């Protein structure tokens, strides 16, 4: 949910506020659709996840394997799309003749090749494809993720996980050299390092998936049981893609939120410099008001240095018959941004 919120904020910033959509935004939209498909399919599966297939009936196993096929098919697609979104986002940052831009284009070609290979292995694990979940089809040929032998599945799975971690590390490390440039602001450096750390968490998910599969495969009790082993690997895979999506979204919408956030907490500080008046009450007693003067020297940013001076009479004029009197007020109201939201007057903060 958090990655979806970040992605929607990114798209709103690009399409509505900045009016500068690009290919990276298209890949973000496709990533959202792909991850949503996999998540919905897993959620509607009312049985199988976390349960050994050896405790299910044959119809239940086939129904579960069909759902698992759709969910697993979305992972390499989502992983490829989010990498492309990050790389195309880098192309918008680096100069046309920059060597980083050339490197990004090379990584785009490598990522597309990697994606096509593992998407094909996930989408076409058997011939015919229905043999992946329909065990009654005779003469079917299965390979890779569709194999009934756990060892070939482990080899392909480990190859996918390791290559994913390596690609993620390279993609997330591309903007890191900007941190070591002398003209890079300190705040920008901290933001880049923060995003890199978040990317390392996504890489950690890929490493944990690899360790989990290798550990289970080397155990003597390991056997073909996707219902029992897949929930852990599927959860780590989803977390990996969603963390990468957050990394792709934060640099786009966060500066806009940070700028707008300061405007939300803007108040007006009122400094009363002179206030005098004479009122005649109906009891024929004269009451004279005279306030002390106050003055404050404020040093404000240029965008907040706006001073207003109001001088005038109250909308009533009194005389001896009505019992109403005169009131004159001179107010200086510079618009300032204050964190506390309080206004300081002659009597203190209120």
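Yeah, the Cβs are placed from backbone N, Cα and C, and that goes for glycine too.
If you look up TrEMBL, you'll see 9-258 marked as domain 'Rhodopsin'.
Under the heading transmembrane segment, TrEMBL lists 26-49 (among others).
Nonlocal intrachain contacts for the transmembrane segment (102-124), taken as residues 6+ away from its ends with a CB within less than 8 angstroms of a stretch CB, comprise 72-73, 75-77, 79-80, 83-84, 87-88, 90-91, 94, 144-145, 156, 160, 163, 167, 170-171, 174. Residues annotated as transmembrane segment in TrEMBL: 102-124 (among others).
The transmembrane segment annotation in TrEMBL covers 157-180 (among others). Within its own chain, the transmembrane segment (157-180) has Cβ neighbours under 8 Å at 76, 79, 83, 86-87, 90, 93, 100, 103-104, 107, 110-111, 114, 118, 121, 145, 188-189, 192-193, 195-196, 199-200, 202-203, 206-207, 209-210, 213-214, 233, 240, 244, 247, counting only residues six or more beyond its boundaries.
Residues annotated as transmembrane segment in TrEMBL: 192-214 (among others).
Annotated transmembrane segment per TrEMBL: 234-254 (among others), in sequence order. Counting only same-chain residues 6+ beyond the ends of the transmembrane segment (234-254), those with a CB under 8 A from a CB of the stretch are 2-3, 6-7, 9-10, 12-14, 24, 28, 31-32, 35, 38-39, 42, 49, 71-72, 75, 78-79, 82-83, 85-86, 89, 164, 168, 172, 191, 195, 198-199, 201-203, 205-206, 208-209, 212.
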- Message: Do any residues, 6 or more residues outside the transmembrane segment (192-214), come within under 8 Å Cβ-to-Cβ of it, and if so which ones?
- Response: 154, 157-158, 161-162, 164-165, 168-169, 171-173, 175-176, 178-179, 229, 232-233, 236-237, 239-241, 243-244, 246-247, 250-251
- So what's the mean pLDDT when you look at the domain 'Rhodopsin' (9-258)? 84
